[in-house]
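One structure is given below, encoded as structure tokens.
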Amino acid sequence: MQIEDGSSLQPVKSGFYLTKKIGIIIGITFSVILTGTILATYFGKPNKCSSDLKGECQNLACSNPNLIQTWNTICFSTLAPTTISSTTTKSSSTRPIDTTSTITSTTTARSSSSTSAETTSTTARSSSSTSAETTSTTTKSSSTRPIETTSTTISSSTPNQVNNNTSFMTTSGPQPLNYRLPTDLKPTYYDLTIQPFFKVDEEPFEYNGTVSIDFVCEKNTNQLVLQMKDLDLDNSTLMLSGINDTTFSQKTNLKWTYNSITHLLVIDLENQSFKQNFLYRFSANFKGYTKNDDLGFYKSSYVDDNGQKKWLVTSQLEYIEARKSFICFDEPGFKAIFKIKIIHHKSLDVMSNMPIVKQENVTGSNGDYDWIMTEFNETVPMSTYLVAILISDFKCREGISESNYSNVQVKVCARPNAYDQLDLALNSSVDILRFFENYYQVKYPLEKLDHAGVPDFKYGAMENWGLAIYKETNFLFNDKSTQATESNVVRIIAHEISHMWFGNLVTPKWWNDLWLNEGFARFAEHVGSDAVKKHWRMFDRLFDLLMNVIQSDSSDTTRPVSLDVNTPEEIDANIDPTITYGKGSSIVKMLLYVLGEDTFRNGIEKYFKKYAYQNVDQFDLWNTLYEQAKNENKLTGVNITNVMTSWTKQKGHPVVHVKRINSTHISVSQNRFVLDSNAAQSSLKDVLWYVPLTLSVEKIGSKDSSFTNQVNPYNLFDKIIWIDPSKYEVILNLNQSLASDNFLIANLDMATFCRINYDENNWKLISDQLLTNNKELSNRTRAQLISDVFSLAQALYLSPEIALNHVKYLDNEFDYLPWSVFLNRIKYFTNILDTSFVYDELQSYLQKLVKPYYTKLGWIEDVQKDLWTERLVRNNLVQYACQIELPECIETAKMYFNEYVETGDMKNLPSQLRNVMLCAGIQYGTSKDFNFIFNKAKNTNDTTLRNDFYAGLSCSKEQYLLSRYLNDQLNTSSLITAIRNVLNKPSGNSLAWQFLKNNWNFIYEKFNSSTTFSNLLLDLSIRFSSQEQLNDVENFFKEKELTNSLKKDFNTTINRIQSNINWMKNGLNAVGNWLSQQQTSIEIEYRLPKNLIPNSYHFKIQPYIGTNETWDNDKSFTFDGEIAINFTCNISTNKIVFHALDLELHTESFTITSNDDKTGLNIEKRYTEDKVTNFITINMNKPCMQNAQYILNMKYKGLIIPNLYGFYRSSYIDQSGKRIYLATTHFQPTDARRAIPCFDEPAMKANFKLTMKRHQNFTSSFFNTPIVKNQTEGDWIIDEFDWTPKMSTYLVAFVVSNFESFSEKSSTNITVDIAAKPESIKNDEGRHAMDEAKKVLDFFQEYFDVKYPLEKSTQIAVPDFNAGAMENWGLVIYRENQLLYNPTRDTISDKRRVSVVVSHELAHQWFGNLVTPAWWNDLWLNEGFASWVEYLGYNHTHPEWRDLDFFFVQKLGPFVQDSLESSHPISVPVKDPSQINSLFDAISYSKGASIIRMMNAFLTENTFKKGVSNYLKNYSYDNAEQDNLWYYLTEQAYSDGTLDRSLSVKTIMDTWTLKKGYPVVHVERDYLNNQIKLSQKWFLLNPTNKIQYTDEYKNYKWYVPFTYTSKDNADFDFETRPNWLKPDDKELTLNTTGVQSDSWIIGNLRHAAFLRVNYDQQNWNLLINQLNNDHTVINPINRAELLDDSFNLGRAELVDQVLFLNITKYLVNEEDSLPFVPAFNGLDSISTLIDDEYEIFELFKSFYIGILNNTYNRLDWNDVNDTDLDLQLSTLRIMCNLGLNDCIEKAKFHFNNWIDNDIPLESNLKNIIYRTVIKYSDDKTWYKLYQRTISTTDNSEKLRMFRGLASSRDPLLLSFLLKQSSDPNVIRLQDSTSLISYVAFNTYGRRLTYDYLEENWNELVQKFGSVSFTLPSLVESITRSLNSNYYLNRINEFVKRNPELGVAAEAFEQAIENIKINIRWKVKNLESIHQWLKSNN
């Protein structure tokens, strides 16, 4: 269908619905024609439309004066859609009429969008605008009077909802409406008869119809669901029968319901059902109405040469108007054969889709024989929207389209007095049809193709099969018609004919793929018209079109090409000329270039033949094209579905940055492009595309023809470089060296729908070329460059002077295409600058550019001499020349104006330039001239001329004349146009704005619903560009009521003005100095090029472990390496680029071999190293052969470093006191390159084989796989290990040591090894880990339903390890205290930690190792998932620990961290090692785990497990992204029915992974009406934050799965089905029927969702009362949640902080340890903040002790079970710390018994005893413990003692400990930051530790590495309790002094934010807490 370029656009979202193909189509003609009496319903007299009605009710009530009273009643009684129902009884005296007679009908139910004055009896009307659902009843009727029926009733029940599985359910309360048909039944055949009652000279009003539908049952059902709208249905004629189902009894008294919003007519069989695979028939009579709304079967008219009005009836059924014409299955996926018969008056002819097969006379209602029944041939299978009729007196011209495929009869028809205007249409139709048959290589399927131009038509044209219908202005042409008309006729005919294949033969399943129809047709219209009108350069005009489309697609409010739609409104909004048609065509064009023309056309041919007469979605097209490409050996390695989905499912398009790095390499990166210069460019990088990039290297002044002039769809496909969206930036090797005068041109022929930005030097070189010889570059290239450079300058991607410099050559440009683009793009700059200080200079420059081409073209066209394209551009050029006041243009305009004033004649002036003449005449004329045109405007009857006059008046420079013009228009329908005319002129801009403000109320009331009013608001942004103007607009509209649509327009206007302000701020001075140059920075590319893909590594390591005493020649702690890297040449290149860091590569050892490449390829014996990216580059003598495999061999040397990354050394003291060394590895994330030259990126998976040559002093070596061979070579032992499976480099691990190990088998026969120091193995410290590992491995195999992939799983404990553990595949490395457990000395906490860590790491063997994130931005997929399922693993082994319950309270720290502005999303784009390491934080781990747990809840665990299993199976040994996981979870959820199909996991989870933070859900109860209202807001701890109100974050919302329960029915089920609070919901209202007003409600059951909940105060009070009366009624997790939420809501000032204290009072009776965790967190935080306020602190301590007294006395220091242990330890810690004497004395008693009598301390109590005793004892005691500390070899015990020592109140002792933290002889490097943190946790150590941090920062960075994730944790520990301006200032200064903080930057940012929050907290809360404590102690 062709639409006019002006349709309004509204992006929408909805569910996607698939239909099945009908396997067999059986056509049986069946016609039942019944008679009756027309009935209707009268709803009462018009009443005033109530302003109190909201939303849809108001629209309904106010849309039709006749229905106001009814809708006022209905909408005030209930906001739910209403149901009109009755029952059907037997009908009498109806008789079938003979086929020769006229059709009449007995109507008892009518569906209509408007009510006439007809009197009706029992008709229930259904409207597309109403929410009434109708259920029919037919009673006995007579032919002489209205039928008597039971009374029609209106109820408040909700209409039945139809789901996609065809089950029907009635629900209470508002539910989302389903507009779609179920797929149980599919139509096969329609027999349709229509009789409109009119003659050619009599106006038609109505028609009778009968329809018989044969349908097949594809799934058993007892309901038939059809669609109708605005039809009167004759109940007595409804009939159902079985065609081949003999058990089905014929039914006539049918029970049905009708929903007038969804248009669904549901017929309920009650006691029978349709059976699968059987055929049935439905028939009915109906009456329809021929309105003049241009939809359905509608009426139109024209005036003949005698002045007589002539009438016709025609059709427009796309998109959902077939249901308005006849009862049907009105969705494109329900194809069927149609048999159409039309009964019409003999004064009329009739046309339809197929040829006429029979005509016969029939009698009319008066017995006359003036009627004819015309019967048409059966159609081919097609969709309802393609049915077409035309009943008229039109005359036709005929022709034959002859091709290699068929001879088709072609007719073109129009009103008789336009017959002579049909030549162009006929000739074009014949030629274009022939062309397309040859182009598509598929026969046109029908015998004939008619075209008709009708006077009234909603769209430009419609592609009905066999009968295309056009708006006649797009169809008729004569010698007076304009060039635009001629072009449109040919182009639109080409558009509609192309649809005969694309859309008709193969049809989208649903309207979300409308672009498949229209995008292809828009593309094909240019191809087809170009074929028949070569001189028009129609393919160039496609480029012109697309450059306008890409500009429109650059707004932030654009939408995707493929948009899910459901409602009629959404479908209508999808009819978008810019995106659906325009951008859709660009995607088709891109396919053409990517595939090459031959492959493209062959693929399209295959597509048509494969899917002929079927329905498809876009993926069917992609798959077919891919198959064709594959057959022709194209697109190797390219997934076309992924490629095209990135273009169809994402809104916007990319800007591709092409920057030269050096003479041989360029950087290519992409991000989404928007014109708004305020847009945060970082946020635009989240949306990326598969970009098919093409490049040409050009040379300034070269005489060789540029490749840009040779490009075409046949020769570009093999030059494409694919840019993958998983990589923001890639480095490309040009395979040639660029000279200083070489420049690059990218995106040749605009093959890809994107912008191209170059580095500044390249732009300069292009400009130089254009000045030297612009024709060396093709006209399309020149146009594209102008489009890009000005758009980039508008968006401030580059400085505007680059754009201005670029077009200096235009004074020598004489091609229409670059000028067409320039005139469009320059408008922004002209408009925004025309009142600025630079405008005069800019205007002179522009005049210089325009003058030569203006001089060539002039004002008057010469059809004989002018090029077609020159005629196209002339009007715009002249208009712009006069706008910039080119003297020659102004003088010509004034000449024509004066001639008109003098003669009153404009015959010498081209009509299309009339407005230019009038504007210039008024602008430079006098008031007399103004009055002359003013009077002309008043007196003309020519609407077009009058509009031109008024537009000219708006050009006056005199304010009083403009005021006169505006005031004159005040009471006219043209007022908005008048204001816009003046507003858009520099002289009238301010005046028009003031006029609008002064008359706002009047204007708004009159015009607020019009499109022009919307445009008026948007026009404010064209010239407003100052803060004062912005403030003026915002202040004026602050108190104004706007419709929702206008609010959006207002926000868009504000954003655009802000963008203008920003542009003026950054661009104005640049334009003033536009000849100056700017330097463009080149961004570093850290990602490897994808030219080479590794397959395997065989590497050999010989380590020299030990000091210089052991090794000679400086070999100490070094290693020798040798490696053979097998790689595939993916993209031909002459460079090998890989990673290596701190390795000495032996160049003499470099060799390369290949069994595939025998061309003599060799490599240089040298390399270059990039110290920043760690890239090693080795040059080859020639490019590698694509797809060939090579082996690169080299030897190298490296260091076994003391740091805890790469290949590093560790040591321990054995039982003899000797230091024993070992060497181990830690490669995650980017340190494999420190030990192995490799492609060190997670997506570069390969197989690994290690040969370890160890000295005989070392008894063992370990690797990911088992040893397969072992041999001795002198003093050395060579261990050869098996090949690993395909895996990432960071998972490689090896250890050389003197460790011992033991092995056992799991129950599924997995070998599990535990390795550690010999004494640890001897003491059986690995037993607990062994038991856990065996059980957990078996558990995860079952849970994931995927076998553990390796033969063995070794767990090894090393003394020094930076992380807790590392999941290396098959060789998991742990810090000792994370794997080893000694029950005689270690605590229960130690035992739990081992279980947790083992479970975590073994979960990674599947999630992370088997399937690995493609890049580190999805690290959270690894760590978040493992952090969740670790709980499942050790809950399996230790359910008694209740850790699944404790999950929430164990993640409270990250919950708080994510409440900061400085937090970050879970999924963050990263590129360099520092950024990558920063992701290893609590957000990735704990928040990641929390949202995965949330998915478990809303998907259910069963669905989640199956979805994860499917994901793992599909991506085994491969890489994936989070979207891949979302896909499998969504598919499983749909399959299981656990997720509504209107949602997807991606839609939901993107809001949780791509946004930082989380929401607080506000629950506001309506106690009177039993409702709760939910709203959400970003929860931030800082109540003074500004970020929430910025453009980027002001609408920051999530998809929230909200669950709740109440006192009346307390159910805390974790998998409770949630209510979805969506980002677009301002609020969500839920009914709480059954909940008493004195009953509490609690939300977020078991804290399933990662959010906080706030309540109204009354509900808080009810909850507190419940806790005090019987807290056990509320689940412990939710009790904990209440405590945590109330405390943090108080910190954020969303509630009073004392609310938390009020809740804590119930804890005196609490015995479950879980709620105490958040209680302690909150109370300890308050304690820390007030400990320097003596009076308050003393009161607080008293209160705190009072809360815990019961718990303390109950648990005391006794032995307790594991469940109570944590609570006991926390209670003892707090009571002792608060100074409870009994607690302190008991701690001292135990300590002294240990020190003095050597009585062992109870392991679990050691920590508390050490800390308490040291805090309250003297220096002597401190030193006693210190001596024990440094003498112990048990590292866990050492840390416990250090924790105690750090509790001293002596600053000198604390300073001593800080110094000790850096001594490796005292404490291990891995533990040194722990000791610093222990001191920081002490009130007396805060300042000391911060001083230490500043003084030793450089040493800490050097020690732990600038990318170590240890540093952020240290910064957080030291700064978390700081709460004064003193520290705030110090940290700010420190950050200023150290701008390169690397991975710790975010930690310092969070520290600053936290301190500010703490400072404010004290100011806001100290006094209120003081008063509360005094009242509650």
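The count begins at 1 with the first shown residue.
Glycine is no exception: its Cβ is also placed from the backbone N, Cα and C atoms.
Listed in TrEMBL:
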{"type": "ACT_SITE", "residues": "GLU1401", "note": "active site, proton acceptor"}
{"type": "BINDING", "residues": "HIS1400, HIS1404, GLU1423", "note": "Zn(2+) binding site"}
{"type": "DOMAIN", "residues": "186-386", "note": "domain 'Aminopeptidase N-like N-terminal'"}
{"type": "DOMAIN", "residues": "425-647", "note": "domain 'Peptidase M1 membrane alanine aminopeptidase'"}
{"type": "DOMAIN", "residues": "743-1058", "note": "domain 'ERAP1-like C-terminal'"}
{"type": "DOMAIN", "residues": "1094-1291", "note": "domain 'Aminopeptidase N-like N-terminal'"}
{"type": "DOMAIN", "residues": "1329-1552", "note": "domain 'Peptidase M1 membrane alanine aminopeptidase'"}
{"type": "DOMAIN", "residues": "1640-1956", "note": "domain 'ERAP1-like C-terminal'"}
{"type": "REGION", "residues": "84-180", "note": "region 'Disordered'"}
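What TrEMBL annotates, mapped onto the structure for a quick look.
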| residue | record | contacts (Cβ under 8 Å, 6+ apart) |
| --- | --- | --- |
| HIS1400 | Zn(2+) binding site | ALA1365, GLU1367, ALA1426, SER1427, GLU1430, GLY1433 |
| GLU1401 | active site, proton acceptor | GLN1355, ALA1365, MET1366, GLU1367, VAL1372, TYR1374, ALA1426 |
| HIS1404 | Zn(2+) binding site | GLU1367, ASN1422, ALA1426 |
| GLU1423 | Zn(2+) binding site | GLY1408, PHE1480, SER1484, TYR1485, GLY1488 |
Checklist line | Which of 186-386, 425-647, 743-1058, 1094-1291, 1640-1956 contacts the domain 'Peptidase M1 membrane alanine aminopeptidase' (1329-1552) most, counting Cβ pairs under 8 Å | finding: 1640-1956
Item checked: For the domain 'ERAP1-like C-terminal' (1640-1956), the mean pLDDT of the predicted model -> 90
Check: To test your reading of the Zn(2+) site: which residues beyond HIS1400, HIS1404, GLU1423, same chain only, put their Cβ within 8 Å of the Cβ centroid of those residues?
Finding: GLU1367, GLU1401, ALA1403, PHE1407, GLY1408, ASN1422, PHE1425, ALA1426, SER1427, GLU1430, TYR1485
